[in-house]
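Reviewing the structure listed below.
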Amino acid sequence: MAYRQILAIVLFLCVFQFLDCTVSSAVEENGTVFVYGRAAVGTIDEDFICATLDWWPPEKCDYGSCSWDHASILNLDLNNVILQNAIKAFAPLKIRIGGTLQDIVIYETPDSKQPCLPFTKNSSILFGYTQGCLPMRRWDELNAFFRKTGTKVIFGLNALSGRSIKSNGEAIGAWNYTNAESFIRFTAENNYTIDGWELGNELCGSGVGARVGANQYAIDTINLRNIVNRVYKNVSPMPLVIGPGGFFEVDWFTEYLNKAENSLNATTRHIYDLGPGVDEHLIEKILNPSYLDQEAKSFRSLKNIIKNSSTKAVAWVGESGGAYNSGRNLVSNAFVYSFWYLDQLGMASLYDTKTYCRQSLIGGNYGLLNTTNFTPNPDYYSALIWRQLMGRKALFTTFSGTKKIRSYTHCARQSKGITVLLMNLDNTTTVVAKVELNNSFSLRHTKHMKSYKRASSQLFGGPNGVIQREEYHLTAKDGNLHSQTMLLNGNALQVNSMGDLPPIEPIHINSTEPITIAPYSIVFVHMRNVVVPACA
């Protein structure tokens, strides 16, 4: 017993020293996290975390920066050990294959009559490239890779095939699905597992480069459903049918979901709420709570459309890179981006969004992995820790105190307790917070609760009756928000020479102590001994 008590004291002193070093120059403010634990407000998929692989060739450049290198579906080094380990760590990772060029891709199936040629840059035509092709040899290699890494694959199909594009971007005609059906059949006959087939990329609403009306898109989606039903008639479960994979517009999505009826399993929208990657004010937006709150409107609107329509589809974020046109170096691939990314994951969960696909797994300046050496960027570790700690049920959570704290709570993945995510967007103030459990709420998550009522919850003791919690404090190396090295409890997260990922280990804190959130830091708090009705 004495040994354990001494060990607990040593651990506490280590934690205290770490926190003291990170906040010594800061002012301190108290706050309270209120968690409504009687019922979940949102439920996410078990494989909620998703990332994208794109089609962009090395010639893809934005604002004079060429950030894609060999990160395309067609040229990515599938033998890279770090890449394989990074995917395996999620067990499984959902990967959505798609992007702008998917709508000018043909598939080299045995019955294809067209030559299989690579994309060629041509700025005078739609999307800036000539038609490209997916060789079936490469498709074989990709599927061997997916099987080896345990990847769950969502494949985005070319939805412009057969249509003509007017000068104003309007796409005329129905989807010619001949090549797509042949590709789907080839995939099934080779026993390649696809979890979902998605129709088109950013063709809904106003579109990006081209657009398809909601009524026609619904007809095309029904045709995709019929193809999937034919090809997979003896397969269970069938792949999902997904669409439209574009930017959210209320009227378009309302019409589409009502007319697509039950042909659709998941409706996908894209999010680039931070604006262009060239914007000099990206960090200001990321650290502004009011700016972060704005995306809640679209989450709420889509949730309501689904609720009030005849569809059985669920909401997904099919692609989200924050800053469009490949992001911004040392921002979207640096520590500061985790404030935006984790806030998005938390907000999406609250509004019952089942899957969230980050643009990208690798490629551009917003990849979870470095494009050239494959080492994980900070957001990779943020996603991995989320995956390990945050369970499927999202709990309504508010914070009373500074507006610079973002707070989210889920039932824990590893226990019947809860995991609280706290992010401090302030650069000088250390926040010392306590957690209280409540059984009533009346306002949205962006507002403070005005009245509280204690819930009946239970706390169970650990060894020797000492109740402990597990904390994961994430900070930037040297306090630099532009750093691409993330510290976990003061230690750098880095792969070793063998390409192995570092262990994700918490510090243990006596649960009677408040939670300390240092300036510009992120804290995951696993409270395995807090039992609330929603998580029981």
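The backbone N, Cα and C atoms fix where each Cβ goes, glycine too.
When you go through ASN234, ASN265 in Swiss-Prot, the residue listed as N-linked glycosylation site is ASN265.
Residues ASN30, ASN373 are shown; Swiss-Prot lists N-linked glycosylation site for one of them, ASN30.
Put plainly, the active-site residues GLU202, GLU319 were compared by Cβ crowding within 10 Å, and the winner is GLU319. Contacts of ASN176 (N-linked glycosylation site) defined by a Cβ separation under 8 A and a same-chain sequence distance of 6+ are given as SER161, GLY162, ARG163, in order along the sequence. If you draw a 10 Å sphere around the CB of ASN510 (N-linked glycosylation site), it holds 15 other CB atoms from the protein chains shown. In sequence order, GLY128, TYR129, THR130 make up the list of same-chain residues 6 or more apart from ASN122 (N-linked glycosylation site) whose Cβ falls under 8 Å from its Cβ. Fewest other C-beta atoms within 10 Å: among the glycosylation sites ASN30, ASN191, ASN370, ASN427, that description fits ASN191. When Cβ atoms from all protein chains are considered, those within 10 Å of ASN438 (N-linked glycosylation site) total 21, not counting its own.
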